[in-house]
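Trainee: So that we are looking at the same thing, I have put the structure below in structure tokens.
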Amino acid sequence: MKRAALPVTALAAALALAGCGSGQGAGEPELSVSATYMPQPVAADMAAGFLTVTNRGGEQDELTSVSSDIGRVTMHSTSGGTMAERTSFAVPAHGRLVFRSGGNHLMFEQLKQKPRQGQTVKLKLGFARSGPLTVEMPVRSATYNPSTGH
Amino acid sequence: MLSPLAPRKKTLAAAALLAAAAFTLSACGSGDDSASSPVSVVSEEGGSDKAATVLDQPFAKPDLVLTDTHGKKYDLRAETKGHPTLVYFGYTHCPDVCPTTMSNIAVAMKALPKSEQDDLRVVFVTTDPGRDTPAELGTWLKSIDSRFTGLTGDFATIQAGARSLGISVEPTSKDKNGKTVSVHGTQVIAFSPKTNGGYVLYGEEATVDDWTKDLPKLVRGAKP
């Protein structure tokens, strides 16, 4: 677990620099969303989506809903080849909720049309405490790998 | 890879820098921060550097006789004998891992010389034969690579075949919300064209780059 130390330090430094200026009490979740993408799906009516919700606040929050115009969206966790639908995911204080390929994922069903690489899918994320966030999710190639960026 | 650790370290440092940059930029942001995808790398480090696991004791190719996407009988051993063969157990109503795994192989395969592409057999065996009819499977695989073979049939036969390769799958069932749940294998098995034994395993985290690097060896039955 020595590996984790470096990014954490870097993040801590970044957080210190990135203060918003407004009076942020430690008791509020402060959410932002990054690393969003949808691999161009193979199936015509089903797709997966990934993103990271970061909480810079001192209080935890919970992702309770995801919706989109393009179809039904549900949240899933995956373990050992089985996925299970979940109604919420915690976003820990000073922590992150990560949806990534092979793990937690958003599942899009009953798509009105097949998303194509280069398009953008609009999502609305609902939280237990914070206000909703609107996210633009780019459609990447079917084999997109966020760690290499292609 | 003379020193497998060095490049990994470099990646980490780069990821950390990118993540730091992303955070700085995203302070008070709208939440749309899609350009900063490397952020997700940071906590995902771990595991081995190599996608491939070479087995000391190769698996025998399962004696599977199923139905292909044309509705014809397909005898796995007979049809793939002497060919480099990749076998994966999955299902088409799978949003994430199954299409990614097959798409990664499809992209990497195109980097092989034509004759080797023709020699390679990529076999997708459904774990959800109730929904994956030959026609359904055919449509799905065609949008990945029309040369891939899709097999469906009796679940017990499929499950036994998977089990003989150390892959555990369960029949499709309904969860407590009445939602249909299927199970996919988490590994791709590479069979040698020389011995027909399954001698290399790939986890679902294997990338296009991993496959591109390893396929030229796998098509010769060499160790990656």
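Heads up, the Cβ atoms here are built off N, Cα and C, so glycines get one too.
According to TrEMBL, the protein has these features:
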| type | residues | note |
| --- | --- | --- |
| BINDING | B:C94, B:C98, B:H184 | Cu cation binding site |
| DISULFID | B:C94-B:C98 | disulfide bond |
| DOMAIN | B:55-220 | domain 'Thioredoxin' |
| SIGNAL | B:1-27 | signal peptide |
Trainee: Where does B:C94 (Cu cation binding site) sit by DSSP, helix, strand or coil?
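Mentor: DSSP assigns B:C94 (Cu cation binding site) to coil.
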Trainee: Neighbour count, 10 Å Cβ-Cβ cut-off, for B:C94 (Cu cation binding site): what number do you get?
Mentor: 26
Trainee: Taking only the residues in the domain 'Thioredoxin' (B:55-220), give me the average pLDDT of this model.
Mentor: 95
Trainee: Which one of these binding-site residues has the most other Cβ atoms within 10 Å of its own Cβ: B:C98, B:H184?
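Mentor: Going through B:C98, B:H184 one by one, the largest Cβ count within 10 Å is at B:C98.
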